[in-house]
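Colleague: Before anything else, here's the structure in question.
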């Protein structure tokens, strides 16, 4: 049962543990908010379009950070935009995840030596998955999001909130 968390019994019932069911639900229901700052946002739109269709992975775009648990940062983060990004991140519900998309979001990119650029969004918010490229392709973003889904499913049960805790 460790290799396959869902087991089909002879009577047609699916037997699993609560942890495996919670992991599957969290993995397949990541609602994301786009934080498109530059040209990488165009590739993010391609990934959300009909050809790659992020909805089939359970990833639905939301406009409000209070409804999201995933932020995709795409593009050059400037010093002026950094406090706004942190404020939006703080408004997101727990557990929250961040995907850094593109060279500019990962480490400053082409504008690394500019006085007005933050050299990586991980200096402002904790990043879970980095997607390299300038700009990264839609396939690379989808692969990065699949890696995030794997990471969400493999979280330990100790880091999840307790549903039925004794007082």
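Each residue, glycine too, has its Cβ placed from N, Cα and C.
Grabbed the feature section from Swiss-Prot, which reads as follows:
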| type | residues | note |
| --- | --- | --- |
| BINDING | 39, 40, 104, 134 | [4Fe-4S] cluster binding site |
Colleague: Helix, strand or coil: which one is residue 104 ([4Fe-4S] cluster binding site) in, per DSSP?
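Modeller: Note: residue 104 ([4Fe-4S] cluster binding site) is helical by DSSP.
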Colleague: Around the [4Fe-4S] cluster site formed by 39, 40, 104, 134, which additional residues qualify by having Cβ within 8 Å of the site's Cβ center?
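Modeller: These residues sit around the [4Fe-4S] cluster site: 38, 74, 75, 76, 101, 102, 103, 105, 109, 133, 135, 136.
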Colleague: In sequence order, which residues at least six apart in the same chain have a CB under 8 Å from the CB of residue 39 ([4Fe-4S] cluster binding site)?
Modeller: 75, 102, 135
Colleague: According to DSSP, folded down to helix, strand and coil, what is residue 39 ([4Fe-4S] cluster binding site)?
Modeller: coil
Colleague: I want to check the contact list for residue 134 ([4Fe-4S] cluster binding site): same chain, sequence separation of six or more, C-beta distance under 8 angstroms. What comes out?
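Modeller: In sequence order, the residues whose Cβ lies under 8 Å from that of residue 134 ([4Fe-4S] cluster binding site) (at least 6 apart) are 102, 103, 104, 109, 110.
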Colleague: Near residue 40 ([4Fe-4S] cluster binding site), how many other Cβ atoms are within 10 Å of its Cβ?
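Modeller: Within a 10 Å radius of the Cβ of residue 40 ([4Fe-4S] cluster binding site) lie 27 other Cβ atoms.
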